[in-house]
Amino acid sequence: MINLILLGLPGAGKGTASESIVDKYHLAHISTGDMFREAMANETPVGLEAKSYIDKGDLVPDEVTAKLVEERLKQPDTKNGFILDGFPRTTVQAELLEGITKRLEKPLTNVIAIDVDEDVLIKRLSARYICKNCGATYNKISNPTKVEGTCDRCGGHEFFQREDDKPEVVKNRLEVNKKMNTPLRDFYEEKGILSTVNGEQTPEKVFEDIDKILSKD
């Protein structure tokens, strides 16, 4: 059984890697965002508790998020293993998760950090641009328009960049994430379950390296 967390800064490629891992190993992909939406829509007790904070614009306390994660990990689709997306974000959450996995007898088997140099991440994240006419999203590095300056979808010629994709904003976002990511890495390194892969390779090669780590266990 594989019970896994992927770590990495925004733009490191965690989403793409998660999809490949789920496809090959048939793991339950557990995203905290999806969990919140589902629990609130189904009006479960924990979902309603989370909603009371979200409706006021407050952050959902760690204990409530942890309850939601525990509820989700009890579902039958996690019997082959799971990959956690968006939790834990802090060492406090990591400790709460440790309690949950012990209670459910579903210990974490792997924590894999996808490492990408900060300058590369800034280039990746600030390369996004959007068609003014139809909203189609492109990336100068990984997904440019087929004809330069012309939208593939509507043929429009005007594009814009979102404020939060501008290099100085991206840099600040990475700094904030790094402050949370580093203690988490240290936490799992001490537990002896942290592995790292080079995220500056092609998505296929990144998955190949992750696959080697997961196949060892």
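Numbers here mean position along the shown chain, with the first residue as 1.
Quick reminder: no glycine exception, Cβ is built from N, Cα and C everywhere.
Remember, predicted model here, so these are calculated numbers, not experimental data.
If you look up Swiss-Prot, you'll see Gly11, Ala12, Gly13, Lys14, Gly15, Thr16, Arg128, Thr137, Tyr138, Gln201 marked as ATP binding site. Other Cβ atoms within 10 Å of the Cβ of Gly11 (ATP binding site), summed over all protein chains shown, number 24.
Counting residue by residue with DSSP, the region 'NMP' (31-60) contains 21 helix, 1 strand, 8 coil. The region 'NMP' feature in Swiss-Prot is assigned to 31-60; the stated evidence is sequence analysis.
Residue density at Thr32 (AMP binding site): 19 other Cβ atoms are found within 10 A of its Cβ, drawing on all protein chains shown. According to Swiss-Prot, the AMP binding site annotation covers Thr32, Arg37, Asp58, Leu59, Val60, Gly86, Phe87, Pro88, Arg89, Gln93, Arg162, Arg173.
Under DSSP, residues within the region 'LID' (127-165) fall into helix, strand and coil as 3 helix, 12 strand, 24 coil. The feature region 'LID' is assigned by Swiss-Prot to 127-165.
Annotation source Swiss-Prot lists Zn(2+) binding site at Cys131, Cys134, Cys151, Cys154. In sequence order, Cys151, Arg153, Cys154, Gly156 constitute the residues six or more apart from Cys134 (Zn(2+) binding site) in its chain with CB-CB distances below 8 Å.
Within 10 Å of the Cβ of Cys151 (Zn(2+) binding site) there are 21 other Cβ atoms, across all protein chains. Reduced to three states, the DSSP call for Arg89 (AMP binding site) is coil. For the recorded site, Gly11 (ATP binding site), the DSSP three-state label reads coil. Each residue in Lys132, Asn133, Gly135, Ala136, Asp152, Arg153, Gly155, Gly156 lies on the same chain as Cys131, Cys134, Cys151, Cys154 and has a C-beta within 8 Å of the C-beta centroid of that Zn(2+) site, without being one of the site residues.
Within the set Gly11, Ala12, Gly13, Lys14, Gly15, Thr16, Arg128, Thr137, Tyr138, Gln201 that the record links to ATP, no two Cα atoms are more than 23 Å apart, and one pair reaches that distance.
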